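According to TrEMBL, the protein carries these features:
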type     : residues : note
TRANSMEM : 38-55    : transmembrane segment
DOMAIN   : 83-127   : domain 'Homeobox'
DNA_BIND : 85-128   : DNA-binding region
DOMAIN   : 130-327  : domain 'TLC'
TRANSMEM : 135-154  : transmembrane segment
TRANSMEM : 174-196  : transmembrane segment
TRANSMEM : 262-287  : transmembrane segment
TRANSMEM : 293-326  : transmembrane segment
REGION   : 332-354  : region 'Disordered'
COMPBIAS : 335-354  : compositional bias 'Basic and acidic residues'
Amino acid sequence: RMGLSEGFWHHEYWLPPGATWEDMKESADTHYPQPQDLLLSIPGALLLIIARCIFERTVALPLGRWLGVSDKMRPKVQPNATLEGFYVLLGKTPKEEDLISLAKQSDLPVKKVQTWFRHRRAQDRPRVMKKFCEASWRFTFYFTSFFSGLALLYDKPWFWDHTVCWLRFPQQPLLPALGWFYLLELSFYCSLVATLPFDVKRKDFKEQIIHHIATITLIFVSYCANLTRFGVIVMVVHDASDYILELAKMLHYMKWKGVCEAVFLVFAVVFIISRLLIFPLITYYYFVTKFQLFFITCLINIFLMILQLLHIFWSYLIIQMIVGVILRGQKKKDARSDTEESDRSEAEDLAKTE
């Protein structure tokens, strides 16, 4: 398989006891997942990045302007080589002793040096329009992915009855549409990883990296082991709430506060039901209790548990936001926000919300 060592692709690792790769021989009418199929995700990710650039410039940007999304004016920073050098090389938030030293070197009052760094940090904060364009792209993809997945699965008995999902495994022929859905999801998450350095840096940046790595690993492993039925169910369950969150963000950037809060409440309900109830208590439960465990399924279990821990973490933030922001009327901040990492003094100085 794919010219890799027999040890890596040994059937005892990838298939349940008693099954071998010979059981999954293809014919003219029967197709099984082949690992080399996933190589298409590389050009697929590149195509999605190109499509995203075109979409953001030709659709999201004009749409944002039409809907009244605008960037606030920011104070201009006076060029200063000494302060800029410290900012780039040593840090964006100098300590008190550094401020005194920089004030002496640049022949400026300490207060003006502090102000310069606050304005310089503000200059690096991503623009609202950039955030709107990113949210628009993700909304478009997640919306398309979720409803395409539902259209693909609604008439499949194993989607509604998970006990049927494992019948005759691993000799379950791969539906062409299911294979393309897998490639689309894998390509999208690969594109997200590739664009991480250029996207708005979120407060949960580290958690997002863990999520993307776990997701890509699960998609790859489940495809190679022909666990595609279970895999696509997991994808659809996860996609159920993502597009609602991106819509809420778009409404927030448009300053439609009331509608935004209503949509966010819908997102919170769907997220908690899909991630804390349906996924662990139904989908994952059947995987653990009805399916024979072997090496790959144990590996999948580990990554699914990582995802579930992230679900609990994000659910906590979501509930915290609902209680603290909507019910108590505190300062609005997206719990899973794409607010970039910033220090407290900057936030207080700018008095901005996400």
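Each Cβ is built from the backbone N, Cα and C atoms, and glycine gets one as well.
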Same-chain residues near the transmembrane segment (262-287), Cβ under 8 Å, at least 6 residues beyond its ends: 162-163, 165, 230, 233-234, 237-238, 240-241, 244-245, 247-248, 251, 297, 300-301, 304, 308, 311-312, 314-315, 318-319, 321-322, 326
DSSP helix/strand/coil residue counts for the DNA-binding region (85-128): 32 helix, 0 strand, 12 coil
Within-chain partners of the transmembrane segment (38-55) [C-beta distance under 8 Å, separation at least 6 from its ends]: 136-137, 140-141, 182-184, 186-188, 190-191, 194-195, 220, 223-224
